[in-house]
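As given in TrEMBL:
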TOPO_DOM  A:1-7  topological domain 'Cytoplasmic'
TOPO_DOM  A:29-144  topological domain 'Extracellular'
BINDING   A:H123, A:Y127  heme binding site
Amino acid sequence: MKAKNQRLILAGLAIVAIIGAALLAMSALKDQAAYFYTPTDAKRDHVETGRAVRLGGMVQGGSIKRDNDGVTIRFIVTDNVETIPVTFKGIVPDLFKENSGVVAEGKFQPDGSFVADNILAKHDERYMPPQVAGEMHKTESLKK
Amino acid sequence: MPRCVHIFANPARFLSIARPLTPWLGWGGGLMVVAALISGLFVTPPDYLQGESVRIMYVHVPAAWLGMAGWTGIAVASLMQLIWRHPLASVAARAIAVPGALFAAICLISGSIWGRPTWGTWWEWDGRLTSMLVLFFLYLGYVALSSAGSERGANDRISAIFGVIGAINIPVIHYSVLWWRTLHQGQSITMKGSTIDGSILWPLPIATLGFSLLFGAVVLMRMRALLAEAKVEARLRRMSAE
């Protein structure tokens, strides 16, 4: 066999081994590498209270309520299966809106609610100009 | 290996093609980038949620693509070097590393600037952001390793192996938003189409092609410089031996 072909086979074997190892590592990482818990995960895994975690999902429509002190905000995070009530004291990002993605950093409470000390807005992959978005909302509200 | 690749294995023939090609790539890419960025800044509408900050996309997405394409290029060149001992392969890989690192850095910085108003944070350790930062560090490692090797000579094989193994990170970056829940949004542009409205999307392919041509021009220039350097070194060695 020519040395060139021998090297080609060796390199091919090495690449297969590397890819296999990487896939194994990735699938093992799958749960650890998740950036946040969804409400369903959090309820299933019984995340311990008092541990700093992230909770992510959609802000349920019509659930944002502001307390009279002007800084406390309450809303419900949902993944369309489970819901978790969240309390947060502070300033939320501009993109924090009802029916859009959110990641809350904080701790679960013994009563099953979540107290956040930081709120991040999650943007989705849809990009469109305001006119198009406005028309989409109009057609959606017509359907209702 | 197919004959068409072997043709370029000859450095003299490579130079006779690379020299006239460089200005075409450079000027063509530069003009496309300028046109795309002007349209992206003044012609396209803002996004309904992100507002004006959506325009960062016209730099961020091409930079991310080139950062990843650059390492893919390093990996392919490294394989050619390891298997076929292609004389230009290691030169090409070394030439790609610095512009690749630059585009990875541009991607990280522009993304951070976008993240602050959109997400409310400059940086988060989610799967996509972390794997992209790892790519940047891999580039730095590759640059250090390959330049140390070239000074001592004959050590190119280690950086070639590093280039091949580092390519694992490329699919990780790509699939990070699918495999793991991340703060970074999923893919907007897939084989099935795009979830970016056409009125916002259209300068993006122009910018991507433009930056890619510029990248190609820089790589060709660096390859020529590295070849010239090697020639000077060989001549000096011969002179000192005489």
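The backbone N, Cα and C atoms fix where each Cβ goes, and this holds for glycine too.
Caution: TrEMBL annotation is automatic and unverified by curators.
Summarising the environment of A:H123 (heme binding site), the number of other Cβ atoms within 10 Å of its Cβ, over all protein chains shown, is 23. A:H123 (heme binding site) falls within neither a helix nor a strand when secondary structure is assigned with DSSP, and so counts as coil. Across the topological domain 'Extracellular' (A:29-144), the model assigns an average pLDDT of 83. The Cβ of A:Y127 (heme binding site) lies under 8 Å from the Cβ of no residue that is in the same chain and 6 or more residues away along the sequence.
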